[in-house]
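According to TrEMBL, the protein carries these features:
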- 1-68: domain 'P-type ATPase A' (DOMAIN)
- 88-111: transmembrane segment (TRANSMEM)
- 123-143: transmembrane segment (TRANSMEM)
Amino acid sequence: DRIPADGVVRAGRSTVDESSFTGEPLPVTKIPESEVAAGSINLNGTLTVEVRRPGGETAMGDIVRLVEEAQSREAPVQRLADQVSGHFTYGVIALSAATFVFWNLFGAHVLPTAIQYGGPVSLALQLSCSVLVVACPCALGLATPTAMLVGTSLGATRGLLLRGGNILEKFAMVNTVVFDKTGTLTIGRPVVTKVVTSGSLTDPNS
């Protein structure tokens, strides 16, 4: 069963799977005075644990808060997009108003064939609304935070924790990745890939 809270073992002996935290595939033996973490799996023994950090104070709770903060933290490119969207909005509104005025006052004289159904006001209103719809900066303002949210969420489901959108943005400049544990890269289930006999080790033609 999963250990429900962070604490210290007071009695019992068992092996605990802590791969979700450490990445190490091999279970760790827990004896009295050993520390255990919430979310790790007790495999084959009975443990009496003194709770030190219950509920949201556990290491798992810290990870959850870290993911939530990462999703709410703005990246530099997101702040830039928000600034551009703010100024761009006024430009789009002004362009839409100019489109309405032009087609309402001068459109009928410049392009009479465009007014076939309805009057100049109806055509001017349609064209000004089209400008608003096509040039609306909503996509610019929503695309960046949505991409950050999806990226951090998918990373969390795969065991990759990011401190924020700014860290995700810096990945574009990464050219070297260093892993500190083999369990981080492996799945913890070794399989036989090749059998080498003693004869093949001494045979120079093998």
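Each residue, glycine too, has its Cβ placed from N, Cα and C.
Taken as a whole, the domain 'P-type ATPase A' (1-68) shows an average pLDDT of 84 in this prediction. Residues 120-121, 123-125, 127-129, 131-132, 135-137, 140 of the same chain, all 6+ positions outside the transmembrane segment (88-111), place their C-beta atoms under 8 angstroms from a C-beta of that stretch. With DSSP states grouped into helix (H, G, I), strand (E, B) and coil, the domain 'P-type ATPase A' (1-68) comes out at 17 helix, 26 strand, 25 coil.
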